[in-house]
Amino acid sequence: METDQRQVELVDATVASQFARAALLTVLLGAAAQIAIPIPGPSPPITLQVLFVFLAGLILGPIWGSFSMILYLTAGAIGVPIFANFGSGIGILFGQSGGYLWSYPLAAALIGLLVHRDYRSHGLRDPATASISLVVAALVAGTILIYGMGAAYMAMLLELTAWQAITAAVIPFIPGEIVKIIAAVALVRSGRLPTVGHQSGR
């Protein structure tokens, strides 16, 4: 009975810790959204948001990383000004940047699944122990998902050709995304990222 009680307490503590980290990532993502460089035309501004999508998957794993992104979208949709340029409201989720925003939970989950492949049986790993090639591959996959959804949604909304969507929604961001991938890898390899690993990915 005592053992069961301790297990419940450990699970509760782990869930509370992961929720707190997910909430912190949500706040940081909202802050990063305000560092925006506008681009002429239909393209959304360049922000640091994707870096924190990367970190959500790397640090929190697929479930809690995705949850932190859902928390971000929900907060913005109900009126908290955490989208780019202090924007808020559900309309933004269905505007020109909507495809990018909807991709965030999926990208965080994908990155988390690739880096923490055995999380169900072994819990989350310290991302610093993952090979650089694995981390880079996961981040590139997440980036492709984000920009693929962003471009596809913009093409549908604005009735653009595939090439027009790529030139507006993908190409201008490639240099910045390379820098963000390098930054995320550097943070991971520094070993200074807080992790929820070694406990449970559930």
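Here the Cβ of each residue, glycine as well, is placed from N, Cα and C on the backbone.
According to TrEMBL:
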TRANSMEM  21-40  transmembrane segment
TRANSMEM  46-64  transmembrane segment
TRANSMEM  71-94  transmembrane segment
TRANSMEM  100-116  transmembrane segment
TRANSMEM  128-156  transmembrane segment
TRANSMEM  162-188  transmembrane segment
| remark: The recorded stretch from 21-40, 46-64, 71-94, 100-116, 128-156 sharing the largest number of CB pairs under 8 A with the transmembrane segment (162-188) is 128-156
| note | Counting only residues at least 6 beyond its ends, the same-chain positions whose CB falls under 8 A of a CB in the transmembrane segment (46-64) are 18-19, 21-22, 25, 28-29, 32-37, 39, 84, 104, 107-113, 115-116, 119, 124, 127, 135, 138-139, 142-143, 146, 172-173, 176-177, 180-181, 183-184, 187-188, 193-197, 201-202
